[in-house]
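K.L.:
Starting off with a structure, shown below.
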């Protein structure tokens with residue numbers, strides 16, 4: 001573990017240090033300008049891969065409109081409200097909305113082993129096909145309400161798989177200088193999908209036939225078809241390719257994403273980092289049981305952090321508006337709640353664009369902390385107005401209060417769209433080492449979908465019991481989010497995935513992590529080379545039971561790889 005001591009809390013050596021003598025060990029960063037950021041390949045990656053977020057957003061946005069459409073109510077409603085109008089009971093509306101989340105939870109967990117075996121690219125194609133099957137199940141129903149629920153569950157499998165693969169592919173493939181923005185594009189496309197669904201619902205809700213809801217449903221095929229067609233022209237993740245022995249293809253992909261030649265120093269650096277991690281892993285026998293995602297160095301900490309952040313993203317309360325937006329604003333006396341939903345969707349989509357700038361300009365920690373505090377304030381006002389000032393339940397005598405609530409709902413959504421919406425996906429795509437990224441992201445994303453289900457299913461029951469005071473629960477969760485980020489999340493802006501891995505292994509203090517710097521020219525103590533060091537947590541007990549000769553062999557195999565070693569390895573390849 002001597003390598004840890006060279007990094008832990010140490011300042012950089014002087015410029016005369018021998019560690020800076022060889023420029024190949026620390027290639028200069030690319031000069032990045034607008035031309036490099038907006039290259040056609042990066043734009044294509046942002047649009048095509050992030051279409052997975054659009055599919056999720058579109059499916060989320062359309063269901064809130066269906067619940068208020070006359071033909072949908074005629075076919076599937078099971079009760080009448082106080083005014084004698086058709087309506088859904090709490091359990092049925094909750095089940096129709098929430099079964100998508102059950103499917104996404106399962107899809108997220110299944111996606112990891114499939115992606116590790118068959119690759120990210122073709123797994124994306126597979127999950128899009130599953131989503132299309134779910135749409136077919138829904139659109140072919142006539143009067144059987146549970147066919148809608150089953151179809152949403154099947155579609156949810158596809159959405160869940162894409163929710164893991166989209167950020168994973170972006171984080172493993174994108175150039176480091178736009179990685180945060182590209183991963184955040186997943187959330188941008190979620191907001192675009194929600195907005196488009198609201199607009200299409202508004203255009204068809206006047207229909208008095210099944211076309212009102214079947215047309216928005218059927219349009220969902222278009223988005224999957226576009227993603228399947230586009231991804232077939234994209235490269236596979238270079239980190240997955242390298243781990244499968246496709247070294248030349250991985251090098252070619254990295255060169256394409258950076259827009260440089262294959263012998264460029266930046267390409268060689270990334271290939272060298274991937275190579276050292278893989279060779280260190282293979283030196284330990286290339287056998288790693290699944291529970292190492294909890295027992296590896298600082299892995300339990302990171303898994304729990306990812307689970308917490310994804311849960312808190314849901315507990316901010318954003319989906320409280322998106323799932324039940326038309327119902328909420330109908331209750332505050334707005335004449336056409338579909339118009340209000342379009343306004344919310346437009347705010348959600350439009351303010352996500354500044355979020356792509358914020359995540360790269362100000363970093364992850366400040367954005368998440370201030371965003372959480374802003375949402376905390378907005379929900380306090382929204383809940384207080386709804387409970388204490390709204391007046392009549394239908395809002396007829398409190399129109400001004402209703403408009404004020406919509407204003408603070410828009411302010412809340414703006415804060416969410418610029419911070420917690422996109423940035424959490426970026427963070428979860430960065431904090432895990434490549435060996436465990438698929439599994440850990442699947443578990444963290446499953447946390448998101450679990451709380452998505454709980455909120456969507458129980459919201460009708462909770463709001464009927466405590467009305468708008470439900471907002472105080474979300475306000476408390478927003479405040480808790482700020483606390484969690486301040487005390488537990490390291491700043492990852494502008495760092496390589498290997499440097500982020502190093503910060504967590506070394507236990508860098510989160511609120512000081514912005515200023516941490518690795519020692520130039522030295523091998524980074526990543527999970528792979530640290531975990532294989534005798535005495536490291538997770539293999540200590542196995543080492544104690546092994547023969548001294550075997551331990552000596554492992555000490556040799558875990559010695560940091562030199563430049564000469566890599567040249568010999570390349571020659572053999």
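Glycine too: its Cβ is placed from the backbone N, Cα and C atoms.
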K.L.:
Pick from 270-289, 470-489, 490-509: which range has transmembrane segment per TrEMBL?
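P.N.:
Checked against TrEMBL: transmembrane segment maps to 470-489.
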K.L.:
Mind checking which residues of the chain, 6+ beyond the ends of the transmembrane segment (402-428), have their Cβ under 8 Å from one of its Cβ atoms?
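P.N.:
Those are 167, 171, 179-180, 183-188, 190-191, 306, 309-310, 312-313, 316-318, 321, 329, 332-334, 340, 343-344, 347-352, 354-356, 358-359, 364, 367-368, 370-372, 374-375, 378-379, 381-382, 385-386, 390, 395, 441, 444-445, 481, 489, 492, in sequence order.
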K.L.:
Compute the average pLDDT of the predicted model within the domain 'Major facilitator superfamily (MFS) profile' (45-493).
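P.N.:
Mean pLDDT across the domain 'Major facilitator superfamily (MFS) profile' (45-493) comes out at 83.
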K.L.:
How about long-range neighbours of the transmembrane segment (470-489): same chain, 6 or more residues beyond its ends, C-beta under 8 Å?
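P.N.:
Sequence-distant neighbours of the transmembrane segment (470-489): 301, 305, 308-309, 312, 315-317, 320, 364-365, 368-369, 372-373, 375-376, 379-380, 382-383, 386, 420, 427, 459, 462-463, 510-511.
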K.L.:
Taking contact to mean 3 or more CB pairs closer than 8 A (sequence separation of 6 or more), are the transmembrane segment (181-203) and the transmembrane segment (338-359) in contact?
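P.N.:
Contact between the transmembrane segment (338-359) and the transmembrane segment (181-203): present, because at least 3 Cβ pairs are under 8 Å.
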